[in-house]
Amino acid sequence: MLNDPDFFLWNIFASVGDAAFTLPIALVCAVWLWFSARRQAARWILLLAIGMAAVGATKILYAGCGVEIPSLHFRVISGHTSLSTVVWTVAMSLLCRCAGARARTGVVIGLLIGALTAVARVFDDAHSVTEVVVGWVLGATLAILFVRSFVRSGVQLVKPRFAALGLLLVATVAYGRHAPIQQMIEDYSPGVCARVFPSLVEEMRKEL
């Protein structure tokens, strides 16, 4: 059952990694942190942006320039996996912290959700094992960097019940939606690469 690509749980975990679902959750966390400690909110936004930039760079290079590493079966970093891992690890850590549990409990839960998202993306034939592993490591690294900083700061989160309700509401509304980011990347990457890396694009055309 678990090795069946159509197993319903894999569809669920693939959906919780979609940017249309994870980014609203990340935004709620950012707003919550902003009212609690603006420096931590800024740190969260910066780390999230770094992760998204890394994923976006590999996607643009592959879609626009054809850059890949065939020997490692690597084309792009799995965006679903990296977003699911970083966002859910941070969100769960914040919730656990407010509930009186240790932040590390939330870290474990979030990393597990990210790992299950990775498996789902492999079963979907959307990514290779290498691509989801890189995505998971990227998301886990960024999340742990933030959680460690947050815990050491000793910040007390404000309005935990309202924040938890907001997370639940946003998750309910956003679940099942799909962001058209991949299509946009495929549409615009060739033009971006042609302008930024003209020699690389020309070399790829000659090889074809």
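Even glycines carry a Cβ here, placed using N, Cα and C.
Because TrEMBL annotations are produced automatically, they should be read as predictions rather than curated entries.
If you check TrEMBL, you get these features:
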| type | residues | note |
| --- | --- | --- |
| TRANSMEM | 12-35 | transmembrane segment |
| TRANSMEM | 44-64 | transmembrane segment |
| TRANSMEM | 76-96 | transmembrane segment |
| DOMAIN | 77-151 | domain 'Phosphatidic acid phosphatase type 2/haloperoxidase' |
| TRANSMEM | 103-123 | transmembrane segment |
| TRANSMEM | 129-151 | transmembrane segment |
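Secondary structure of the domain 'Phosphatidic acid phosphatase type 2/haloperoxidase' (77-151) per DSSP (helix as H, G, I; strand as E, B; remaining residues coil): 64 helix, 0 strand, 11 coil. The listed stretches are 44-64, 76-96, 103-123; of these, 76-96 has the most Cβ pairs under 8 Å to the transmembrane segment (129-151). The transmembrane segment (103-123) is not in contact with the transmembrane segment (44-64), judged by fewer than 3 CB-CB distances under 8 Å for residue pairs 6 or more apart in sequence.
Within its own chain, the transmembrane segment (76-96) is flanked in space by residues 13-14, 16-19, 22-23, 25-26, 28-29, 32-33, 44, 47-48, 51-52, 54-55, 58-59, 62, 102-107, 109-111, 113-115, 117-118, 120-121, 126-127, 131-132, 134-136, 138-140, 142-144, 146-147, 150, 157, 160, 163-164, 167, 181, which lie at least six positions past its ends and keep a Cβ under 8 Å from the stretch. Outside the transmembrane segment (12-35), and at least 6 residues removed from its termini, the chain residues within Cβ reach (under 8 Å) are 41, 44-45, 48, 79-81, 83-84, 87-88, 90-91, 94, 113-114, 116-117, 119-121, 124, 126, 157-159, 163, 166-167, 170-171, 173-179, 181.
Within its own chain, the transmembrane segment (44-64) has Cβ neighbours under 8 Å at 26, 29-30, 33, 75-79, 82-83, 86-87, 90, 135, 138-139, 142-143, 145-146, 182, 185-186, 188-194, 201, counting only residues six or more beyond its boundaries.
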